[in-house]
Amino acid sequence: MSSRKSKSNSLIHTECLSQVQRILRERFCRQSPHSNLFGVQVQYKHLSELLKRTALHGESNSVLIIGPRGSGKTMLINHALKELMEIEEVSENVLQVHLNGLLQINDKIALKEITRQLNLENVVGDKVFGSFAENLSFLLEALKKGDRTSSCPVIFILDEFDLFAHHKNQTLLYNLFDISQSAQTPIAVIGLTCRLDILELLEKRVKSRFSHRQIHLMNSFGFPQYVKIFKEQLSLPAEFPDKVFAEKWNENVQYLSEDRSVQEVLQKHFNISKNLRSLHMLLMLALNRVTASHPFMTAVDLMEASQLCSMDSKANIVHGLSVLEICLIIAMKHLNDIYEEEPFNFQMVYNEFQKFVQRKAHSVYNFEKPVVMKAFEHLQQLELIKPMERTSGNSQREYQLMKLLLDNTQIMNALQKYPNCPTDVRQWATSSLSWL
């Protein structure tokens with residue numbers, strides 16, 4: 001009877017943990033509008049009022065949201081739109097168009113996407129338009145309900161705004177800003193960019209039609225606020241089904257936030273970047289260690305997750321190389337030391353390697369030249385070395401100039417962790433100059 005009871009308890013526990021994983025992963029990955037905003041309340045209020053003026057009073061506006069990657073630009077606009085759409089008269093009337101500079105790479109593709117998102121494919125049909133402006137005006141005209149006074153407001157969100165500035169003649173931006181300045185259909189144009197010099201990219205005619213409103217997000221919070229964000233991001237909501245488990249989980253999160261080793265981990269991440277994406281990555285890796293047998297996150301989980309976050313991917317590749325490839329990297333290291341980072345070619349590396357082989361009484365490392373060449377090419381495929389210039393068909397591979405993409409510290413750290421690294425190879429690496 002007791003075994004049956006413990007089995008049902010473990011099932012409940014597993015179900016609970018799967019819900020925890022789902023809720024927190026959703027929060028970390030999607031930055032859903034249900035999560036809280038941190039340190040951008042003033043900017044949020046400004047943007048929210050701007051959108052309401054367009055949606056409720058038919059006032060056209062344009063604004064740029066500027067901030068580094070991961071500062072919360074998308075989350076800010078998503079929160080503002082969510083709040084706006086909760087107003088009944090707005091949700092039935094306002095239309096949204098989301099464009100991305102990485103996807104809509106020219107104005108023709110952008111116009112097709114605008115037509116699709118406004119559900120006007122049937123209205124456009126096979127019509128032929130003289131210009132981009134005429135086509136866009138027709139689309140917005142089609143949204144009018146009856147008379148000119150009851151136009152349907154449209155909110156345009158342009159992600160990666162700086163990429164739209166590279167479109168030919170900036171026609172899309174010109175027409176959107178032109179409409180926002182005129183008494184046509186009420187529209188709000190919201191650009192999201194990480195370029196501080198964005199206005200310098202705009203043509204004079206485009207710049208003159210832009211309202212010059214800018215909202216800056218700079219992650220200006222301090223470390224105490226960062227710890228508070230850590231707690232809020234890990235805590236379970238009040239509506240979590242299992243109240244007892246949620247209470248225990250949140251108590252554990254509170255304990256973690258006060259733990260000295262956890263605070264050291266958070267301080268390290270905070271000093272590197274205030275970017276909330278890096279914090280979410282840290283928490284995601286730590287969350288992956290939570291299982292039915294290990295139901296609560298610990299300081300060790302966060303410390304190991306931090307090590308994974310700061311892991312050197314190039315040094316990790318070195319751990320999987322053959323001894324011959326390691327020897328070639330050491331030869332390149334010595335060439336860099338001797339010639340002060342000057343580029344090298346295969347022949348120079350091969351000669352350096354041969355000096356090492358000749359110093360040894362045994363011939364364990366005595367490989368044929370084509371074999372060494374193959375190992376050298378493999379290092380190029382792994383992008384541990386790169387050619388200085390594009391190769392021409394008739395150039396000899398042995399004399400093509402290369403550059404090593406690892407520094408001395410990375411090489412030495414990788415050698416320390418290299419499994420069963422031969423002693424003489426390690427000694428060769430640590431010698432101050434090559435075998436001259």
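Numbering starts at 1 and runs along the chain as it is shown here.
Backbone N, Cα and C define each Cβ position, glycine as well.
As recorded in Swiss-Prot:
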- Lys7: N6-methyllysine (MOD_RES)
- Gly67, Pro68, Arg69, Gly70, Ser71, Gly72, Lys73, Thr74: ATP binding site (BINDING)
Largest tally of Cβ atoms lying within 10 Å of a Cβ, found at which of the binding-site residues Ser71, Thr74: Ser71
Intrachain C-beta neighbours of Lys73 (ATP binding site), sequence separation six or more, cut-off 8 angstroms: Ile65, Ile66, Gly67, Leu192, Cys194, Leu217
Remaining residues near the recorded ATP site, that is with C-beta within 8 Å of the centroid of the site residues Gly67, Pro68, Arg69, Gly70, Ser71, Gly72, Lys73, Thr74: Cys194, Leu217, Asn219, Asn275
Neighbour count (Cβ, 10 Å) for Pro68 (ATP binding site): 15
